[in-house]
Amino acid sequence: MGSVKRKSVEESSDSAPPQKVQREDDSTQIINEELVGCVHDVSFPENYVPLAPSVHNKPPAKDFPFTLDSFQSEAIKCLDNGESVMVSAHTSAGKTVVASYAIAMSLKENQRVIYTSPIKALSNQKYRDFKEEFSDVGLMTGDVTIDPNASCLVMTTEILRSMQYKGSEIMREVAWIIFDEVHYMRDSERGVVWEESIVMAPKNSRFVFLSATVPNAKEFADWVAKVHQQPCHIVYTDYRPTPLQHYVFPAGGNGLYLVVDEKSKFHEDSFQKSLNALVPTNESDKKRDNGKFQKGLVIGKLGEESDIFKLVKMIIQRQYDPVILFSFSKKECEALAMQMSKMVLNSDDEKDAVETIFASAIDMLSDDDKKLPQVSNILPILKRGIGVHHSGLLPILKEVIEILFQEGLIKCLFATETFSIGLNMPAKTVVFTNVRKFDGDKFRWLSSGEYIQMSGRAGRRGIDKRGICILMVDEKMEPAVAKSMLKGSADSLNSAFHLSYNMLLNQLRCEEGDPENLLRNSFFQFQADRAIPDLEKQIKSLEEERDSLVIEEEESLKNYYNLILQYKSLKKDIREIVFTPKYCLPFLLPNRAVCLDCTNDDEEPQSFSIEDQDTWGVIMKFNKVKSLSEDDDSRRPEDANYTVDVLTRCMVSKDGVGKKKVKAVPIKERGEPVVVTVPLSQIKSLSSAIMNIPKDLVPLEARENALKKVSELLSRHPDGIPLDPEVDMKIKSSSYKKTVRRLEALENLFEKHKIAKSPLITEKLKVLQMKEELIAKIKSLKKTVRSSTALAFKDELKARKRVLRRLGYITSDNVVELKGKVACEISSAEELTLTELMFSGIFKDAKVEELVSLLSCFVWRERLPDAAKPREELDLLFIQLQDTARRVAEVQLDCKVEIDVESFVQSFRPDIMEAVYAWAKGSKFYEVMEIARVFEGSLIRAIRRMEEVLQQLIVAAKSIGETQLEAKLEEAVSKIKRDIVFAASLYL
């Protein structure tokens, strides 16, 4: 892949040469008061001979009323040369200028241009902006179609892909395709749509890719150049038009601490001062939310101001507004906004302006919808200059809040991180109410990429000299963690490609479609191929390291090592049987002495003894646990139901992020007597001894005395007088007896093994283990190389084709059948289950309202713990859906597609069936909300998505001549498409 790199600094300039600043990541940033530089690179396909740059005498397609930045003028030169370009720059840097020029150029040349964005809200905004500027502009989002024959079409990426598969006439005419927010390609669910669209784009079209800063922009451009056999330029800038200052606001404190200045220098002394200013909150004063301490909102005692109130007050006093305060939950967003109830930020004139704009916006709503609690409750806080923005809001309210924010009538906006995507709404200040977030699996620190994306909203170009970012910190944080978050690099643009049945069927149905070709040309395959030389280098290095480890009597030692592993595995099996709740619960009595395993595999080196390290303690009680802890990865599903509180000897320390860490240690070692909660799997044995210890164990002396009694027991009986599983606990399990016999046989082998008494055996075993680990790494890397050199997803592709043949979607010759034609049209829901239901006759037999209710299970993904069971007729339909889903999943499993059958079946949720049924029956939205008990915006999004699915089913029914079903589905659309749920966007 050819590459030419040049700095975009005009040599003819009379200005002083730009100053280079070496940053911590070794990259060079060019800074100059008059001219700020960028890196311009270009990727060529193999064997491509670049043409000499043409000299343009023709006037520019568009003039701008301001001086262009270097990166903008460099990108525009590429467009004038008729070549594709990727522009990678920070939020609010001015990437839209390049898109605007591409549109102007296309319209001037009478060419077709398509602008795509990841979200409908952004498409609506861009449509309004481009319509005002160019007039010949249309919009296609799935919800709305306006002037589809316009020369410039604004659409979502999903609509573009759909047009490509259908062989739309527009695709044959398009000269330029603009992909905005192309870094969305790494999204695990929707990112694949970008890859498909780019691969399938017409070969004679050119591209404009607009992206946030990504470190591997060159790799992406290399891929585009290879797939489309055309040059692709990269114009990359790290420059922020408005530099940022980063502050810490410690919980309970009163001041701001500058930790990173506008020159990106990290002030460690200031950071430490901010942590020292943290006011520790008493356990009783901490506000809890589902057992977790809420972040970012330390509530003062009665009469005191909360931290959030103090901070916003300070921001307003220092004229740092407008401010966006990011939170990671919809409920917390609203709770924080409510803490501002006494704060008034707008003048009387501004309040009147808010009321006028708000009244005008909701004028299209019915009188009933105007009385919705969310509508009536939000106006008072908006008038005070405070707003809330999250996905649970009614879409019309989200838009009116965006408009008020743009007009400067909202000074303080509480928003979730979705506000940082695409929408051009910068503020002077951005506040992070929390620096930790729950990612669906565990609580973790924000990544540098997430921080960069959200902090990019700070600083308004041409208005603010600098933008301000404030982190609210309420727990100790290591400087290294803070530095990596505040000064780390952006997230790489990595492929999230995955196969789907809809993709596969559309590829087989297309005249020029070829699933293998799509896989071969995917960014995923490109990245896999790229990694091979580096992997081979790693393998060679590891093989050299492996060969350098020479061990005496290696085979005999390996045999002994394997015996140790077998022994430990059998001991573990025995413990799992003995400590299943049905056997052990009757014996988990308070004050019983208990032996615990205190070997920690994550921290301790591998033990080569057949005995693990253990400690002793006293049982306090056992607990029934409802579900796995959100942030405890060590707890295993099989013992998730019970934990045991044990008083034992512990080492108490702080971990890398300042959190208290408690680890059980052998009872004779130094440490504190602490009550810890352990899973059943950590218990090694139960003693028959019940200790006589005081009830009040709060005093340290009482706890020390309790452990002293355990030590006295062990001095008399070193094994602690364990309960015998068979005699005392009455375990009659045949698998237990069988495992015990195998363990005894192994113990005999240990005694007889010739190497057991060999000198330095532990050191030899350590070397052997190192060698075994190297062998395992080499094997894993070789497997990766083999799978990389083969076509990615090749086995999965074969398996999915088997599924489609088994279910009757394609013939043995890969010709798409009737069922397959239906599934081709369904891209907004699980296509196989929906098609199977359609062909089973359920859609024909069900009433229209029941059909709509059933479809809600395909679009609702949130799990509502207190959702009521739907009425009998709806529940019967849901059971049929589950049966169909199970059958589809089991066929996939039989055909070797990796799938968890139960998880797949459980992914269809009945939680809003009743609410949607009521909506289809004609109920008012406020009545439906009383049934649903979810955020209004979440329900509206689900119903709109459902309408999308219905439209796809209408096209599917039409394609197979099912006119009766088509009419029924159209009736379903007419029943749900009304009132506030489908209120028109304010941007249109």
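For all residues, glycine too, the Cβ spot is worked out from N, Cα and C.
Among the features that Swiss-Prot reports, ATP binding site is placed at A89, H90, T91, S92, A93, G94, K95, T96. Other Cβ atoms within 10 Å of the Cβ of K95 (ATP binding site) number 26 in total over all chains.
Under the heading domain 'Helicase ATP-binding', Swiss-Prot lists 76-232.
Annotation source Swiss-Prot lists domain 'Helicase C-terminal' at 307-509.
Look at Swiss-Prot and you will find 1-27 tagged as region 'Disordered'.
According to Swiss-Prot, the motif 'DEVH box' annotation covers 180-183. Nonlocal intrachain contacts for the motif 'DEVH box' (180-183), taken as residues 6+ away from its ends with a CB within less than 8 angstroms of a stretch CB, comprise 86, 95, 99, 115-118, 122, 126, 194, 209-212, 214, 220, 421-422, 491, 493.
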Output field, ATP shell: CB within 8 Å of site CB centroid, site A89, H90, T91, S92, A93, G94, K95, T96 dropped: P241
DSSP residue counts for the motif 'DEVH box' (180-183), split into helix, strand and coil: 2 helix, 0 strand, 2 coil
DSSP-derived class (H/G/I helix, E/B strand, else coil) of A93 (ATP binding site): coil
Among A89, H90, T96, the one of these binding-site residues whose Cβ has the fewest neighbouring Cβ atoms within 10 Å: T96
